[in-house]
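J.: Below is the structure I would like to discuss, written out as structure tokens.
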Number of protein chains: 2
Amino acid sequence: MRIGVLGAGQLGRMLALAGYPLAKDFVFYDMSGSPSAGIGETISDPEGQRLDEFLNKVDRVTYEFEHLPVEVAEKIAAKTIVHPCPRALQICQNREAEKTLFGQLGIPTPQWKIADSAETLRAAAEELGCPVVAKTNTEGYDGKGQAVLRSPDDAAAAWQSIGHPRLMVEKFVDFSRELSIIAVRAECGDVAFYPMADNDHHQGILRYSVAPAPKLQAHLRTEAEYYIRGLLTELDYVGVLTLELFETPNGLIANEMAPRVHNSGHWTIEGAMTSQFENHVRAVSGHPLGNVEPRGVSCMINIIGEHGEIERILQLPYAHVHLYNKQERPGRKLGHVNILADNYQELVWRVLNCAQFLPGCPEFNSTLMSKG
Amino acid sequence: MRIGVLGAGQLGRMLALAGYPLAKDFVFYDMSGSPSAGIGETISDPEGQRLDEFLNKVDRVTYEFEHLPVEVAEKIAAKTIVHPCPRALQICQNREAEKTLFGQLGIPTPQWKIADSAETLRAAAEELGCPVVAKTNTEGYDGKGQAVLRSPDDAAAAWQSIGHPRLMVEKFVDFSRELSIIAVRAECGDVAFYPMADNDHHQGILRYSVAPAPKLQAHLRTEAEYYIRGLLTELDYVGVLTLELFETPNGLIANEMAPRVHNSGHWTIEGAMTSQFENHVRAVSGHPLGNVEPRGVSCMINIIGEHGEIERILQLPYAHVHLYNKQERPGRKLGHVNILADNYQELVWRVLNCAQFLPGCPEFNSTLMSKG
């Protein structure tokens with residue numbers, strides 16, 4: 001079976017690495033002009049002229065990023081099997097549609113309003129009560145296209161800095177930490193949930209994920225599984241789905257979902273019985289799902305901007321290095337390191353030991369220590 | 001770094017799958033005319049005309065099979081870095097040279113003699129005392145080119161059936177089981193030893209490996225490590241080396257070595273902290289070695305000839321399927337399944353459960369039960 005992947009970045013690369021052992025082949029369709037998967041065949045098509053050529057080569061189609069034009073996904077779905085469905089893509093590309101669906105399914109969200117001018121942004125800030133976060137309603141990721149309004153008076157400046165005609169305005173959530181849950185649904189409808197991850201961001205980019213999330217109350221996991229199951233069922237979803245959540249004193253509040261394998265699930269490569277990548281390939285291919293149980297406790301550290309002292313990290317007996325073979329550039333995800341341990345205390349010390357070899361990690365020590 | 005691999009079968013495929021996360025690229029050089037790696041670039045060269053083209057594409061060279069002409073390896077070594085060294089290849093291609101080296105390094109072997117005619121084969125059988133095993137001195141693998149002589153009278157028939165001008169004749173060893181040890185040596189000279197595997201063969205082909213080998217006396221592991229370290233040092237070896245051994249009441253007796261990643265080490269993909277494939281890539285690339293500690297206990301079951309009920313195996317929560325994307329053919333290795341467990345008793349039941357979905361496995365139940 002040949003699986004076509006829309007997008008050709010590191011997520012596609014890791015899907016392929018997980019899929020070859022299941023006798024799958026991969027063809028990547030890249031519209032960015034800078035594919036980096038570096039494995040399988042890549043059809044580079046910045047002009048959008050080679051889609052049929054791509055479709056003729058593959059048996060099934062999936063994607064590794066959600067910023068694909070929905071028309072493209074629908075055109076593909078008319079010709080071949082696409083997992084997950086274009087509707088999931090459409091919802092993830094539109095915060096208003098996403099929040100509306102969350103609401104319909106009983107998934108708590110921050111209070112929100114839509115703004116389509118500096119004036120309505122100001123009004124939204126006043127009604128919701130500051131601080132609020134304004135985000136482009138479509139597009140935007142890794143913290144781009146966002147602004148925090150500490151007062152309604154910030155509205156004009158925020159509107160100008162974001163420069164987008166339609167904004168999602170959310171009341172600021174006083175959360176204790178960010179969590180994510182990754183689930184996978186098979187063609188037959190079977191669902192499996194990975195243990196939740198505890199995620200720390202820096203400058204809008206995921207810095208590290210600890211999984212299973214330490215000190216997690218059992219009912220919060222049950223809640224998260226209930227929420228994501230609702231989404232999977234509603235969307236008749238096939239493949240891996242990620243739901244980002246805030247932990248608050250009043251329970252979980254959904255932030256956003258991603259219709260794909262997710263950075264906060266990279267720990268599963270060595271830290272779970274079956275990785276999120278293999279499970280996505282299994283689901284998309286119509287196979288049964290693999291076991292999602294964790295193997296010990298894990299921490300995924302992103303390698304961002306610079307590679308740091310990789311040779312030193314390769315010497316650590318508990319570290320697994322995953323490089324994306326990309327050039328260094330500020331803010332770019334270049335790879336990740338999975339740290340394994342038998343318990344959280346051991347994990348934290350191992351992560352601190354590894355982090356000294358990665359630029360930009362040491363500042364997280366105090367956050368990290370609290371997880372031990 | 002681009003690594004050139006001489007050979008393009010499943011071992012090369014698994015080297016590449018382990019090497020991409022370390023930002024390596026792979027080019028395969030295939031002289032067989034039937035490459036199956038299915039990943040990276042393959043230069044198919046049955047006529048032997050494209051070696052320079054291959055060498056111009058790569059930074060380092062290694063191999064995935066030892067039946068490569070030594071002249072080719074030496075020609076390559078004159079132009080670029082080849083790990084392991086051509087001398088290792090040369091010795092592994094010649095049982096006489098191999099047994100002689102074992103003897104020089106104090107590694108016990110079966111008593112042996114060389115035969116170059118039916119008459120000398122008969123004489124060797126008489127002198128060693130039957131049963132003896134006659135094997136082609138060069139070439140031959142997976143039990144091919146071998147005959148057992150139960151009496152010196154079998155010499156003429158054995159000579160004819162093997163049809164080779166020079167035979168290694170070995171006194172039959174009364175062994176309780178076959179073991180293997182896999183070690184890896186870095187460019188800097190560091191050495192790491194995987195736990196030994198307990199290997200069962202059927203019709204000359206490895207059927208399954210259990211690792212760490214159950215009920216292994218500690219001094220046998222020490223012995224095996226001492227032997228393989230001697231080989232690594234003597235050959236100034238870089239990469240993964242495998243030594244096959246017989247366990248006897250008088251200790252270990254060496255069978256043969258393989259200068260490469262080995263079928264009895266496939267369990268390391270999920271069963272060890274670092275797989276033999278990653279460690280070979282690390283060594284060949286000049287990186288530090290990865291941790292060779294086991295993760296629980298493992299059994300590798302080869303998928304031979306027919307795929308069996310793979311969908312059923314994909315449902316087993318403790319099984320990891322590795323397919324080579326090859327067509328079914330009697331006796332052909334098509335893939336393997338790694339079974340994981342926390343203890344041997346659990347492992348045996350899991351293996352038995354999995355084996356019912358693989359043709360040709362059930363007959364091993366009684367051997368297998370003894371390992372629980």
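Heads up, the Cβ atoms here are built off N, Cα and C, so glycines get one too.
Feature list, courtesy of TrEMBL:
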BINDING   A:Arg95, A:Lys135, A:140-146, A:170-173, A:Glu178, A:His201, A:255-256  ATP binding site
DOMAIN    A:99-285  domain 'ATP-grasp'
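Provide an account of the burial state, proximal residues and distances for the features listed.
T.: According to DSSP, A:Glu170 (ATP binding site) sits within a strand segment.
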J.: If you count other CB atoms within 10 A of each CB, which of A:Glu170, A:Val173, A:Asn255 wins among these binding-site residues?
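T.: When each Cβ's neighbours within 10 Å are tallied, A:Glu170 tops the list.
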J.: Name the residues of the same chain, 6+ apart in sequence, whose Cβ is under 8 Å from the Cβ of A:Arg95 (ATP binding site)?
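T.: Within the chain, A:Arg95 (ATP binding site) has Cβ neighbours under 8 Å at A:Lys135, A:Thr136, A:Asn137, A:Thr138, A:Met168, A:Glu256.
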J.: Per DSSP, to which secondary structure element type does A:Asn255 (ATP binding site) belong, with helix, strand and coil as the options?
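T.: Once the DSSP labels are grouped into three classes, A:Asn255 (ATP binding site) ends up as strand.
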